[in-house]
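Swiss-Prot annotations:
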- R24, E82, K122, K459: (6S)-5-formyl-5,6,7,8-tetrahydrofolate binding site (BINDING)
- 229-234, 248-254, 273-276: GTP binding site (BINDING)
- S233, T254: Mg(2+) binding site (BINDING)
- 219-379: domain 'TrmE-type G' (DOMAIN)
Amino acid sequence: MNVFNDTIVSRVTSEGKSSVGIIRISGKLAFEVSIKVLNRDYLPIRTACYLSFLDLSGKIIDQGIVLWFPGPSSFTGEDVLELQGHGNPIIIDLLITTILSIPGIRLANPGEFSERAFLNGKIDLAQAESISDLINATSEQAARSAMQSLQGLFSIYINNLIKDFTKFRAKIEAQINFSDHEINADNLDVFIEHEINRIISRIKKIRNTAIQGSVLREGIKVVISGAPNSGKSSLLNALSLTNRAIVTNFPGTTRDVIYENIIINGVLFILIDTAGLRITNNPIENIGIERAWNEIKLAEHILFVIDGSRSVQNQLKNYNNFIKSLSKTSCITIVFNKSDLSKFKINSDLRNLNNGVLVSSKTGVGIEALRQHLYFSFKSSFEVNNSEGVVSARRRHINILSMVLEKFLSSKKDWKKINNIELLADDLRTCQDLLGGITGKITSDELLSEIFSEFCIGK
């Protein structure tokens, strides 16, 4: 159902010169553009036509392909007209200026075509967000997972979970109103406990899928840590094939956080070089060390670098202290660096310690093996297999699923304590409402404005 009274227009191809430039018009006056700009009062539906594009005086501005999609069978659910001409910005601007001279047509806001598609019921909010994720994907895996969400896979997960809550709540409320005709009182506890545990398991599985999708979308954070002068910055440069980080023989050279993106087998990894961890009286270096710990807390994978040409035992003590100080369980790999030096002495026992990898940042030996180690560690920990079943998800989705899980775990405790069936039914309703925020069944205008404002012009 069309909920808008005005008509919008925008260029949908990128700015600058290109071989093709596309203009999209959506709304009640879309066909008015056909009459005024194309001099046509009839267009075949969803059929490409080669026509001239005219200004209001009848002069030809350009020639190209025209596509007509009458609503509701269009992307936005409204009448949609697309003009595909030459991609010269001058021509595009002339056409848009001509179209805007028709009363009732205005320029589209960023993301407004997708917003109209959502508000007209053509896509849900999770699918709308996946459009932006697909456009902005920085790796093959992220693009594939975004397409899965655009096709509705993540929405299916959420809607099926909502159905689980609905069925459970229906049983519970029937028990409240018609206790003599529903579940036998002796079996009520067993039924409720079984359903609670089953749904909790479903929430956890979907949340893990969402976390995986969020990581694919944003990139896997890999923090390079260790003592000063162990070769952390050299390792970042070697892994990224850049000279991004400054490398010197002086301990404490790196004092700020340095980021570099790399793609391994279609997956985005964000390498993060940090200040060497040590006790120092230098206030500037201490700021860098504090920032290093902030990144370590958020890392999906940590590369702890050990200088294989120096005393390894002391460095392993530092490593053990490092492990004890971590607040969460992270995937950690020890990287024995400087294998090209004659002083390098690492025995087989040390090599096997915590998936130890031997490298030389200077010569490149072992660097590709380390890159593949990062990928397969990610693949193993998240059980990724060519993105089958993996969806694009955002932090807000994970936050909502976490709130639902926390609420339902609390409901489980309350049920065991007081067996209040009305309270349980109310908790189920709350969880349903929270999940509705993912697909947009229950949402606020402020949230919609925030989401669609991130889209590019033309989407």
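The backbone N, Cα and C atoms fix where each Cβ goes, and this holds for glycine too.
Positions of the features from Swiss-Prot, shown on the structure.
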residue : record                                              : Cβ within 10 Å
R24     : (6S)-5-formyl-5,6,7,8-tetrahydrofolate binding site : 24
E82     : (6S)-5-formyl-5,6,7,8-tetrahydrofolate binding site : 20
K122    : (6S)-5-formyl-5,6,7,8-tetrahydrofolate binding site : 19
N229    : GTP binding site                                    : 20
K232    : GTP binding site                                    : 32
S233    : Mg(2+) binding site                                 : 24
A275    : GTP binding site                                    : 27
Between R24 ((6S)-5-formyl-5,6,7,8-tetrahydrofolate binding site) and K232 (GTP binding site), find the distance joining the two CA atoms and give it rounded to the nearest Å. 50
Per DSSP (three-state), S233 (Mg(2+) binding site) is helix
Cα-to-Cα gap, E82 ((6S)-5-formyl-5,6,7,8-tetrahydrofolate binding site) vs K232 (GTP binding site), nearest whole Å: 52
Taken over the domain 'TrmE-type G' (219-379), the model's mean pLDDT: 81
Report, in whole Å, the straight Cα-to-Cα distance of A275 (GTP binding site) from S233 (Mg(2+) binding site). 9
At the Cα level, what's the spacing in Å between K122 ((6S)-5-formyl-5,6,7,8-tetrahydrofolate binding site) and N229 (GTP binding site), rounded? 56
